[in-house]
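Visitor: Below: one structure in structure tokens.
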Amino acid sequence: MPELSVIIQWMNQYPKTGWLLLFIYIVLGVVRHRVINAESGSVFRGLLNLRKRRLEQMLTQPYLNKNAVRLAKRELRQRSLYRLTGLYNYRLQDLAVIMCDRYGLRAGYLKPWRNWLEERDGRIVFNRKWHCFRWRLFLAGQIANAVLLIVFIIYIVSHASAEMVAPFMMLFILVWWFPWLMVTLVPAPRWTREMEVYLEKFNGEQTMV
């Protein structure tokens, strides 16, 4: 961590860049503080849980028949298991719970691969072909973003002062690259192979049952 005098000297030398970086740092700190210290009764969380509360209220309504109550309980169970496992498919949820408990894995272990998983005859099937395709697209996107960043830097250097390169790079990464990375992230082949070993072992044991 640089000394305070060095930081002040650098900010005096590059005032625009220094104040812009300080502003970005403060904004990120505020956002991080809000996310970490968000109360469970916040408006955002309340909106997300609105349907859950309605389903829970349905369980106490005397005019609903047993079939409706059973469906409400099933929906609540599916939502709870989604929070636990991170899987949308209700057929996969129970299998994921059994697998993670059997091998001592965290509850959301299969979540990163959920788009390529399906249940078939009591087994968890992984679509390796589509995962490889998405992985190649992800790598191509990373290369394209790196090239775009280089072009962006060259453009800034030719049209603005050199001291603006750092803040504009940070702006590009925070506004475009990092959100894009979070949305399109695909598990690496190394972790995928490890997951497939667990699946192969689990499916083999399921077949024997």
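Cβ atoms here come from the backbone N, Cα and C positions, even for glycine.
According to TrEMBL, the record shows the following:
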- 18-35: transmembrane segment (TRANSMEM)
- 137-158: transmembrane segment (TRANSMEM)
- 164-186: transmembrane segment (TRANSMEM)
Visitor: Same chain, outside the transmembrane segment (137-158) by at least 6, Cβ under 8 Å from its Cβ: which residues?
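Guide: Same-chain contacts beyond the flanks: 164-165, 168-169, 172-173, 176-177, 180-181, 184-186.
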Visitor: Hey, which bits of the same chain come close to the transmembrane segment (164-186), Cβ under 8 Å, at least six residues off its ends?
Guide: 16-17, 20-21, 24, 28, 112, 131, 134-135, 137-138, 141-142, 145, 149, 152-153, 156-157
